Amino acid sequence: MSQYVIAIDQGTTSSRAIVFDHDGNIVSAGQLEHEQIFPKAGWVEHDAMEIWNNTREVIGTALSKANLTRHDIVGVGITNQRETAVVWDKNTGVPVYNAIVWQDTRTQAIVDELAADGGVERFKQKVGLPLATYFSGTKIKWILDNVEGARAKAEAGDLLFGNTDSWVVWNLTGGTDGGVHITDVTNASRTLFMDLESLSWDEEILSIFGVPKSMMPEIKSSSEVYGTVHGSQLLRETPVAGILGDQQAATFGQAAFEKGGAKNTYGTGNFLIVNTGEEIVHSKNGLLTTVCYKLGDAKPVYALEGSIAVTGSLIQWLRDNLGMIKSAPEVEELAKTVEDNGGVYIVPAFSGLFAPYWRSDARGAIVGLTRFVNKGHIARAALEATAFQTREVLDAANADSGVDMEDLRVDGGMVANDALMQFQADILGIPVIRPKVTETTALGAAYAAGLAVGFWKDTDELATNWSEDKRWVPKMDPAERDRQMRLWKKAVTKSMDWVDDDVK
Ligand SMILES: Nc1ncnc2c1ncn2[C@@H]1O[C@H](COP(=O)(O)OP(=O)(O)OP(=O)(O)O)[C@@H](O)[C@H]1O
Ligand SMILES: [Mg+2]
């Protein structure tokens, strides 16, 4: 009888369950989108109950499509949108507020208040992150400060916090009936509260934020048996054995296990991760320091990360807010109706600018408009924004490491876009390589779980599963590349310093 691993990928736009075989191939999958809730400008929320219900449903879809039962599944791996904060009552299992999503900027005032004493880099040496609205810590504080009764309940020990990995695992393992409240080191490294050296919650930072430690999940490795599925669930008694935040999971799924290994994921946002081995490297060029993975009792492996908030979601914005296209892939046809961007640059600073700038005072800008410009140029500029932003974080990674990357492994939904990938190779000046399995996020979580239950032996075995599907090589004249980057950087300056008292 064949055996399989199932990965749950609880993403920003959807939840997926994917069954993988021993060769790392996809056997079946289920996927459901959830509502993106925008209560006001800058606010982004999800209904955590909807997410949990979707998760259960997609597990059912994936199992039934391949005619499998829990007896065919040796382990469950979890990967998730990181930094998105859920706070729930452990006695009822009900969230006290919608999940506050990583893109949400409502906590800017909290950031400013905390940064008044010591600046935004106040905790960076310890946690690897600047103070920013992006990370979970400020969102937990916002919930405790703003949801009626929340702080008292938290102090009484009745509330639990988690990124969506913790939320899904707690529910899978029984919820109010003995659910385990845990997270892994990669997710914990996105809260602002975890000491990168000791891999434990920092009590001083927790107390500065006013967050009771009793709310925080226990920090585990990325690959070990945390518990088994409990209750009347399809996967009951199956070990839950791996957790990796989505970007670290994609790194793992791309088999970038060694120091110097790297990948770039093109999803809602873009995330470049460079494995730095057992060394904690502090960036001088606007990258984050984060945990890459930790396998059981082995030493942790660290990474540098270039996080870009808006890439694929700019295409969704063209679709949903402007109605310019009906589906994301249509953007490619529309972009092909024109020869070039017609002088237009879009800086999608919807949540401020993340790496390498970290400018929360920036907001989106479309520059270079003339009477000549049509929607084809806008579509083209939207795609190009992804490639320009990627070039900037790659430059930062090269500057930090002192060694120039020779090629770039890519994955995520946008890598289906041929024109974008060619433009990306052109703008980077190095080859861009797509693997056969582009669902690397789910694959990485499956690997973490499969390693813990002995389905795979070690990372060397996993590395043999990776294979190249397609490669784009640079064709652009270097002088043209430099000209484009110069104009892009000028456009970026136009997005800065926009937020003031009138525009929050
Ligand atoms: N052909 C395409 N051209 C450009 N963008 C595309 C194309 N197909 C999908 N996208 C974009 O890719 C994104 C989806 O990618 P992916 O499925 O990797 O993201 P995701 O995993 O759902 O994101 P998340 O994990 O954040 O929920 C969407 O934002 C969509 O706009
Ligand atoms: Mg994803």
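Just so you know, glycine gets a Cβ as well, placed from its N, Cα and C.
Note that TrEMBL annotation is computational and uncurated.
The model shown is predicted, which means the values in this text are computed figures rather than measured ones.
Per TrEMBL, the feature ATP binding site maps to THR12, THR13, SER14, THR268, GLY312, GLN316, GLY413. Annotated sn-glycerol 3-phosphate binding site per TrEMBL: THR12, ARG82, GLU83, TYR134, ASP246, in sequence order. Residues or ranges marked as ADP binding site in TrEMBL: THR12, ARG16, THR268, GLY312, GLY413, ASN417. The glycerol binding site annotation in TrEMBL covers ARG82, GLU83, TYR134, ASP246, GLN247. If you look up TrEMBL, you'll see 4-253 marked as domain 'Carbohydrate kinase FGGY N-terminal'. What TrEMBL lists as domain 'Carbohydrate kinase FGGY C-terminal' is 263-452.
Feature map: TrEMBL annotations on the structure.
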residue : record                               : CB count, 10 Å
THR13   : ATP binding site                     : 16
SER14   : ATP binding site                     : 15
ARG16   : ADP binding site                     : 23
ARG82   : sn-glycerol 3-phosphate binding site : 28
ASP246  : sn-glycerol 3-phosphate binding site : 29
GLN247  : glycerol binding site                : 30
GLY312  : ATP binding site                     : 21
GLN316  : ATP binding site                     : 16
GLY413  : ATP binding site                     : 19
ASN417  : ADP binding site                     : 21
Original post:
Once the DSSP letters are reduced so that anything not helix or strand counts as coil, what is ARG16 (ADP binding site)?
Top reply: strand
**OP:** Using only the Cα atoms of THR12, ARG16, THR268, GLY312, GLY413, ASN417, which the record gives as binding ADP, return the largest interatomic distance in Å, rounded to a whole number.
**Re:** 21
**OP:** Rounded to the nearest Å, what's the C-alpha distance separating GLN316 (ATP binding site) and ARG16 (ADP binding site)? Just drop the number here, would you?
**Re:** 19
Original post:
Of the binding-site residues THR13, ARG16, THR268, which one sits closest to GLN247 (glycerol binding site) when you measure Cα to Cα?
Top reply: THR268
Subject >> Between GLU83 (sn-glycerol 3-phosphate binding site) and SER14 (ATP binding site): CA-CA distance (Å) >> reply: 16
Subject >> Cα-to-Cα gap, ASP246 (sn-glycerol 3-phosphate binding site) vs THR12 (ATP binding site), nearest whole Å >> reply: 10
**OP:** Quick one: of the binding-site residues THR13, SER14, TYR134, ASP246, GLN247, flag those whose CB is under 6 Å from ligand 2, and say none if nothing qualifies.
**Re:** ASP246
Original post:
Which binding-site residues of ARG16, ARG82, GLU83, TYR134, GLN247, GLY312 contact ligand 1 in the sense of C-beta under 6 Å?
Top reply: GLY312
**OP:** Note the Cβ centroid of ARG82, GLU83, TYR134, ASP246, GLN247, the recorded glycerol site, then list each other residue of that chain whose Cβ lies within 8 Å of it, in sequence.
**Re:** GLN81, THR84, TRP102, ARG190, GLY245, PHE271, SER307
Original post:
Which whole number of Å gives the largest C-alpha distance between any two of ARG82, GLU83, TYR134, ASP246, GLN247, the residues noted as binding glycerol?
Top reply: 15
Original post:
Cβ-Cβ under 8 Å from THR12 (ATP binding site), same chain, 6 or more residues apart: which ones?
Top reply: GLN81, THR84, VAL101, TRP102, GLN103, GLY267, THR268
Subject >> Neighbouring C-beta atoms (10 Å sphere around the C-beta of TYR134 (sn-glycerol 3-phosphate binding site)) >> reply: 28
Subject >> Minimum Cα separation from GLY413 (ATP binding site), reported as the residue among binding-site residues ARG16, ARG82, GLU83, TYR134 that achieves it >> reply: ARG16
Original post:
How big is the gap, in Å, between the Cα of ASN417 (ADP binding site) and that of ARG82 (sn-glycerol 3-phosphate binding site), rounded to a whole number?
Top reply: 25
Original post:
Using DSSP and three states only, what is ASN417 (ADP binding site)?
Top reply: coil
